[in-house]
Amino acid sequence: MINKIQGFYYVESNGQVFECKLRGILKKTNNKYNCVVGDRVEISEDNSIVEIFKRDNLLIRPIVANVDYLAIQFAAKHPNIDFERINLLLLTAFYYKIKPIVIVNKIDYLTEEELVELKEKLSFLERISVPMFLISCYQNIGLEEVENFLKDKITVIGGPSGVGKSSFINFLQSERILKTGEISERLQRGKHTTRDSNMIKMKAGGYIIDTPGFSSIEVPNIENREELISLFPEFLNIDSCKFLNCSHIHEPGCNVKKQVEENKISKERYDFYKKTLEILLERWN
């Protein structure tokens, strides 16, 4: 299912788009999580959705299903990179069991020295096995490398405004199967139709999901400290701390703090962990 507007569900199959409605028990139990962008569905001859197949994953904000990658896109300059937001999006990806990648656009704005400095600041990504791509949509640098990486996958893009997401999507997409404006016209909703996540076919194969849903992202609904720690890969691949239930905050003999002191774990990542734990402690209490 590639798009939903006012009760109509647009399903792509073999290069065609079908305007569908929910049927039977699906219609009776309809809610915002019932049939979402990315769902694999079965449709009947009368264009009714009769079955929604089991999901690989489900993002809650934005609401999309069966995603392979979360592409976290930022600009090297104008606006400058928000490292805390990168960490929040990484946390979100790990929480929903979606593979993250980081894309930095506008590298043509940087001097050689600034580019070296940027790579150093983002070196923590390699330590946690997150691929990074440095691109310039304006100068067509690095775009084909990302396209080949995302080929035949379903990718949702997250990041702030002004970082070139539209230019990047325009490079990736094939001719749109059915534009939002065309759907709006058919439904006589006009150009002001509220648009949620929209699934766009890529010319190399696969889909890119354009969504406004990351604008108000928050810390996910993590249930306890152990779960939070599990979402920081760099905390897991080191020797055990002195205490089995170490919080990595106050305890002596903490190997996470030792790794931070030795610059083997990013201090910014560790500070983000502490800040997130504080937020969650307030939530849990």
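A Cβ is built for glycine as well, from the same backbone N, Cα and C atoms used for every other residue.
These numbers come from a predicted model, not from an experiment.
Going by Swiss-Prot, these are the annotated features:
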{"type": "BINDING", "residues": "Asn105, Lys106, Ile107, Asp108, Gly159, Pro160, Ser161, Gly162, Val163, Gly164, Lys165, Ser166, Ser167", "note": "GTP binding site"}
{"type": "BINDING", "residues": "Cys241, Cys246, His248, Cys254", "note": "Zn(2+) binding site"}
{"type": "DOMAIN", "residues": "56-217", "note": "domain 'CP-type G'"}
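Annotated features, which come from Swiss-Prot, shown on the structure.
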residue: Asn105; record: GTP binding site; DSSP (3 states): strand
residue: Gly159; record: GTP binding site; DSSP (3 states): coil
residue: Lys165; record: GTP binding site; DSSP (3 states): helix
residue: Cys241; record: Zn(2+) binding site; DSSP (3 states): coil
residue: Cys246; record: Zn(2+) binding site; DSSP (3 states): coil
residue: Cys254; record: Zn(2+) binding site; DSSP (3 states): coil
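Sequence-distant neighbours of Lys165 (GTP binding site) (same chain, 6+ apart, CB under 8 A from its CB) are Gln73, Ile157, Gly159, Asp210. Confidence in the domain 'CP-type G' (56-217), given as mean pLDDT, stands at 86. His248 (Zn(2+) binding site) and Asn105 (GTP binding site) have their C-alpha atoms 34 Å apart, to the nearest angstrom. For the pair Cys254 (Zn(2+) binding site) and Asn105 (GTP binding site), the C-alpha distance works out to 37 angstrom. Comparing local CB density within 10 A for the binding-site residues Ile107, Val163, Cys241, Cys246, Cys254, the maximum falls on Val163. Cβ contacts within 10 Å of Gly159 (GTP binding site), excluding its own Cβ and spanning all protein chains shown: 25.
Between the C-alpha atoms of Ser167 (GTP binding site) and Cys246 (Zn(2+) binding site), the distance comes to 45 Å. Apart from the site residues Cys241, Cys246, His248, Cys254, the chain places the Cβ of Lys242, Phe243, Ser247, Ile249, Glu251, Gly253, Asn255, Val256, Lys257 no farther than 8 Å from the centroid of the site's Cβ atoms, the recorded Zn(2+) location. Burial estimate for the binding-site residues (Asn105, Ser161, Ser167): highest at Asn105, by number of other CB atoms within 10 Å.
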